[in-house]
Amino acid sequence: MDSVSFEDVAVAFTQEEWALLDPSQKNLYRDVMQEIFRNLASVGNKSEDQNIQDDFKNPGRNLSSHVVERLFEIKEGSQYGETFSQDSNLNLNKKVSTGVKPCECSVCGKVFICHSALHRHILSHIGNKLFECEECPEKLYHCKQCGKAFISLTSVDRHMVTHTSNGPYKGPVYEKPFDFPSVFQMPQSTYTGEKTYKCKHCDKAFNYSSYLREHERTHTGEKPYACKKCGKSFTFSSSLRQHERSHTGEKPYECKECGKAFSRSTYLGIHERTHTGEKPYECIKCGKAFRCSRVLRVHERTHSGEKPYECKQCGKAFKYSSNLCEHERTHTGVKPYGCKECGKSFTSSSALRSHERTHTGEKPYECKKCGKAFSCSSSLRKHERAYMW
């Protein structure tokens, strides 16, 4: 009677892949492996006393990849502890209905009833070549097509897909086809729509406990990710990575049209609309359209009269955060904008620009009635009121 173990269906990372993961992604990996383990346990021998929560305090124990096990031991030993023993493998009776589809070889198309049998078959394609690991005496499998080495048949199977054009690999647990290496990024609850992890503070629910933990920080105010340069803290690791680019100057997202680069992909997306002319965000009051949702929200305040930015010193409210910042300088006395001609300083950049026109003689604001020009818009408005009386 054939059986399938947790190792047969768990996905493994190479050392290089694992090093690229940040803490939140490692937490997600742990959650996905826990989901798979739970699904297998639910159809296995009910008498087996498997303490899943205790097992997953040490996620390295369930990794089939030898290289990743060593990473957990060496890099994160103090956090995760020892690796799993073989006793944690869960043997399942194949006659129990698991919904597993037959496993097909991506090289020759031969079909097998279980993933472990497919692994053994894969050896016929790679030549079953072994050599010693440089880190320890473990034996590694060697691909005869490209020479790459792997410790587990799971990794070999995944790797062989890169040498074929037969399309995506069909995962051993779920019916939906996947392209490695993301085969187990989403557990079954993703496809059923089930969201089992519910927030205690609001009605939101999530597929993964790691997503719930991140969301709960929006309620608690916890910001565990701190910038090493300036000390600023963030709720999410992705926000920290984006912030760090403000120190490094890194701008990895480049416009193909003009070559302008941006620190965030969202900024690039907004910029690209300057080339396409796309303005997908439309005001329902007046029909005016905008390139990004933020500008639309700011515009909508001209209709609603909303002034969400309030001064803590005097209570005066403003439509825009920039106006609040300028106003607060009237309390602090800070004048960061200095004139290069005479050295006079101002609280806002607009006030500086108006002042600079006294040096250049520029008068861009012209009265439509009489043609008289002014250096600042406020002077033009005062002049226009004279016609109203």
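Cβ from N, Cα, C; glycine included.
Between Y174, Y281, Y320, Y337, the residue that has phosphotyrosine written against it in Swiss-Prot is Y281. Per Swiss-Prot, the listed range annotated as zinc finger is 253-275 (candidates: 69-91, 253-275). Range 225-247 is the one annotated as zinc finger, of 41-63, 225-247 (source: Swiss-Prot). Around Y281 (phosphotyrosine), the C-beta neighbours below 8 angstroms that are at least 6 residues distant in the chain are A289, F290, R291, C292, S293, V295, L296. Under 8 Å from some Cβ of the zinc finger (337-359) lie the Cβ atoms of residues 326, 329-330, 375-376, all in the same chain and six or more residues away from its ends.
Non-local neighbours of the zinc finger (281-303) in the same chain are 270, 273-274, 319-320; each lies 6+ residues outside the stretch with a CB under 8 Å from one of its CB atoms. Listed as Cβ neighbours of the zinc finger (309-331) (distance under 8 Å, sequence separation of 6 or more from its ends, same chain) are residues 298, 301-302, 347-348.
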